[in-house]
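Colleague: I have a structure here, written as structure tokens, and I will follow up with some questions on it.
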Amino acid sequence: MKXLRKNHPLFKIINHSFIDLPTPSNISSWWNFGSLLGMCLMIQILTGLFLAMHYTSDTTTAFSSVAHICRDVNYGWLIRYLHANGASMFFICLFIHVGRGIYYGSYVLSETWNIGIILFLTTMATAFVGYVLPWGQMSFWGATVITNLLSAIPYIGSTLVEWIWGGFSVDKATLTRFXAFHFILPFIITAFVLVHLLFLHETGSNNPSGLNSNSDKIPFHPYYTIKDLLGILFLLTALMILALFFPDILGDPDNYTPANPLNTPAHIKPEWYFLFAYAILRSIPNKLGGVLALLLSILILMAFPLLNTSKQHGLIFRPITQTIYWILIANLLVLTWIGGQPVEYPFTMIGQIASITYFAIILILMPVSNTIENNIIKL
């Protein structure tokens, strides 16, 4: 068996990636979220596959087909709620994974980091098109508002929007193509995940101390396979509690009303995991400016490897940048809260302040604190 594992062309790759992989001996539970994201992706693909067997992507029957899944399909309600809440768990793990990368300076592995950001954007696109599929009120109006943003692009904007819609409004053609995108994108994500892992295993994993750990490595199996299994157990417990006891707590009640183009909901808002970006979008009065700020709110993560001037790796021994980091986290929570509030005073002003603070922390405060800490080390 050992000879097969180490010599077989296919098993050899698996062996070098998950069994005999030399791993730093001191990586903490914050490093569990990569495997949890892999687990989330598998859950989403499997539940999505079973939902796709019963779902119809036609405007007249889409809403009814989701109701049919919940009422008539064996455990359809469970599959649907596991899929909906699985997306929330996916994004919770994703945010923690990115947050850990920033805290411990994992962005110095720039290839892995940049592929990770592309993965983040692809996951956001998948979640957006997926939210449109049940064809409730918030699905329809969310799709209308977000796709309409593309009309802000000079010259080609209006044509581009009509091309994506497949007509002059969000309708049957839009829903059909969104179902197709939602089906294909998870497999594209899976391909990117493999590239992400490929780049990670080229350099080896980062660790909490930020020091080179080549002198102190242990095999991935059994130490970290057991650790990951514990994390997966916690994840599945949380997901089952959400799906069985609070299935609609993270959803929008408006989505239980069938889509009606003649009736606009009072507050159009996306799912909770997009609210921080939505708040940044709304805080800029200009349409094109808002769209650019929305894009930059994610793409700014690519600036971390470029803006890093610190002599130390990670924030574990850097109290000034550490404080700024936690202010950034608090700021993101404020943005998430503002994104779900109506567009009125004082929420608009809080959103504008939080948006400016978000960009200022990453582009100004963190690089400045890096320089200050470098000078303190010299003293």
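From the backbone N, Cα and C atoms, a Cβ is placed for every residue, glycine too.
According to Swiss-Prot:
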TRANSMEM  33-53  transmembrane segment
TRANSMEM  77-98  transmembrane segment
BINDING   His83, His182  heme b b562 binding site
BINDING   His97, His196  heme b b566 binding site
TRANSMEM  113-133  transmembrane segment
TRANSMEM  178-198  transmembrane segment
BINDING   His201  ubiquinone binding site
TRANSMEM  226-246  transmembrane segment
TRANSMEM  288-308  transmembrane segment
TRANSMEM  320-340  transmembrane segment
TRANSMEM  347-367  transmembrane segment
Colleague: Let me know the DSSP-derived helix, strand or coil state of the residue listed as 'ubiquinone binding site', please.
Modeller: helix
Colleague: Based on Cα distances to the residue listed as 'ubiquinone binding site', point out the closest of the binding-site residues His83, His97, His182.
Modeller: His97
Colleague: If I count Cβ-Cβ pairs under 8 A between the transmembrane segment (226-246) and each of 33-53, 113-133, 288-308, which range comes out on top?
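Modeller: By Cβ pairs under 8 Å, 33-53 leads among 33-53, 113-133, 288-308.
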Colleague: Would you count the other C-beta atoms found within 10 angstroms of the C-beta of His83 (heme b b562 binding site) for me?
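Modeller: Summing over all protein chains shown, His83 (heme b b562 binding site) has 21 other Cβ atoms within 10 Å.
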Colleague: Restricting to the same chain and to residues at least six past its boundaries, which positions have a Cβ under 8 Å from a Cβ of the transmembrane segment (320-340)?
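Modeller: Sequence-distant neighbours of the transmembrane segment (320-340): 99, 102-103, 269-270, 272, 274-280, 282-283, 310, 347, 350-351, 354-355, 357-358, 361-362, 365-366, 369-370, 372-373.
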Colleague: Do the transmembrane segment (33-53) and the transmembrane segment (178-198) share at least 3 Cβ pairs under 8 Å, sequence separation 6 or more?
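Modeller: These two segments touch.
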